[in-house]
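Look at TrEMBL and you will find A:1-37 tagged as region 'Disordered'. Marked as Mg(2+) binding site by TrEMBL: A:ASP48, A:ASP50, A:ASP274. Look at TrEMBL and you will find A:ASP48 tagged as active site, nucleophile. Annotation comment: TrEMBL describes A:ASP50 as active site, proton donor.
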Amino acid sequence: AGMALPTGESDQDETNRKNPPGKAKGKAKKSDGSQSTDNDLERIFLWDLDETIIIFHSLLTGSFAQKFGKDPATVLNLGLQMEELIFELADTHLFFNDLEECDQVHVDDVASDDNGQDLSNYSFSSDGFSGPSAGGGPGSTSTVQGGVEWMRKLAFRYRRLKEIYNGFKGNVGGLLSPMKRDLLLRLRSEIETITDAWLSTALKSLLLIQGRCMNVLVTTTQLVPALAKVLLYGLGDVFPVENIYSATKIGKESCFERIISRFGNKVTYVVIGDGRDEEFAAKQHNMPFWRISSHGDLISLHQALELDFL
Amino acid sequence: MSMPPTFGFTQEQVACVCEVLQQGGSIERLGRFLWSLPACEHLHKNESVLKAKAVVAFHRGNFRELYKVLESHQFSPNNHPKLQQLWLKAHYIEAEKLRGRPLGAVGKYRVRRKFPLPRTIWDGEETSYCFREKSRCVLKEWYTHNPYPSPREKRELAEATGLTTTQVSNWFKNRRQRDRAAEAKERENDGANPNGHNPLTSHVNENKSLCESSEDDKSPAATPDHSSTSPAILMPSSSGLPPLHSFAPPPGPSASIIPVSGSDAQSHHHFSMHDGLLNIMTASLVELGS
């Protein structure tokens, strides 16, 4: 009943105003006199992607169909079509062919090798980044892997990735042919129906959080396909590209550690996932964990956010 | 776990909210959240919920409630540190209110002794030490070879451990005293005296309080008194102990006590413990004890 605090007032202000007797050393944070601004980050929500926000992987494995009593063939078909779109986008526009073997945890990880040169007329397809590796025949123009020049070209790719992501995060259709655009819309609609509006329910929470704190994505998908998934599922606006981490190489626990180093430990982190890796990683870092195993859990999450419990 | 259908959260989710609000320091909000929970017994026995109740009670100065919560449930070890802090802080605050002024280190110690941590939030291990583990190891190691370091050795130890020489001296003095107390207690438990009460040890304890506060710079004037009175106490003719005087050079400026098993020498002697002398001493002491 009336849980939400009036806008702009933080818990610290309320405590200081009331000044309850007998509270010599309260557990609440002491206000340092400054009003908490919009820039003060209180919470950061660390989201898992698959089976938490989007339903994708379990479409392919059949586990979704089984768990929720849907027709396996239909579900599988949707999954396969989506998968095709994801990898087509990844290959065509996101350099996945080049980057699959050397994908990073975070889009800025190789930025230090970048020289900042103008890329507007740069030809990624013929810069010799990828070609036959060791033992390229006579006249091979491929760059030595791992060398300085190669690292720079790698950095260019991630820079371009960021540009593409930022340019199309609100409108991924612009990256697709009209036919594929229609296919995408159709697929998303069908997946929404068959998953009982899973994604849009998750999106409610994501948007609410974005309004007052921050969303971070930590996924076990490789970075480039993860970016493709985020774009295709229309999540580009709730996850800035710098807030996306791939745990494929280093695991979720290490990703969480990186995030803590980045944002500090004065923030409260909340982990949201469907279990397994993220639950364990959360425990290791003493972060509260909100499990998503059903539709209802997403609804409860939204409720808790609305009621200002989280 | 039956939850009224109007309340939409699972126990796990309630626990998550409790953790989030606690970590964020939003104790007022946490209090309101707890108040809004259905009166489900199972839910209110959840550890995260109980922890939250404890934090809210502390925050509100409701210490009776706090102690009740802390003693009501066996908390898991990873929550012990935080809950111990709540217990102690609350007791300190109450003691300070009675006292009317802030508590010093000794005052706090007395509070801790008077209100020992309940086993629900403590595993019984006395593991909070003042000195680093490394320093303590160095001191312990040295002690096993020689419980009576010379002033120079104490200085060396101080350097090696990062402590002051006073701290080193106090450490050794306390260690000797505690070893002796432990040994005396062991003798008592062994039933060496049928009454279960060893007159020697009780006297020893009395006199100990006089001697043990000595530092290296204890004035010589004080020592002769002890030397003259103690033998009378410690030399019951029946015990067959040879007079301890024979072991002792005249009392010097530094005062320390020889640990003698069972009966304590009250004379103050300063020894520079050459190994040879130490070996002779040890051998004789062993004889005494048998």
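Using the three backbone atoms N, Cα and C, a Cβ is placed for every residue, glycine included.
Classification of A:ASP48 (Mg(2+) binding site) by DSSP places it in coil, neither helical nor stranded. Listed in chain order, the residues near the Mg(2+) site other than A:ASP48, A:ASP50, A:ASP274 are A:LEU49, A:GLU51, A:THR52, A:ILE53, A:THR219, A:GLY273, A:GLY275, A:GLU278, A:ILE292, each with its Cβ within 8 Å of the site Cβ centroid. Here the Cβ of A:ASP50 (Mg(2+) binding site) has 18 other Cβ atoms within 10 Å, regardless of which shown protein chain they belong to.
Here the binding-site residues are A:ASP48, A:ASP274, and the one whose Cβ sees the fewest other Cβ atoms within 10 Å is A:ASP274.
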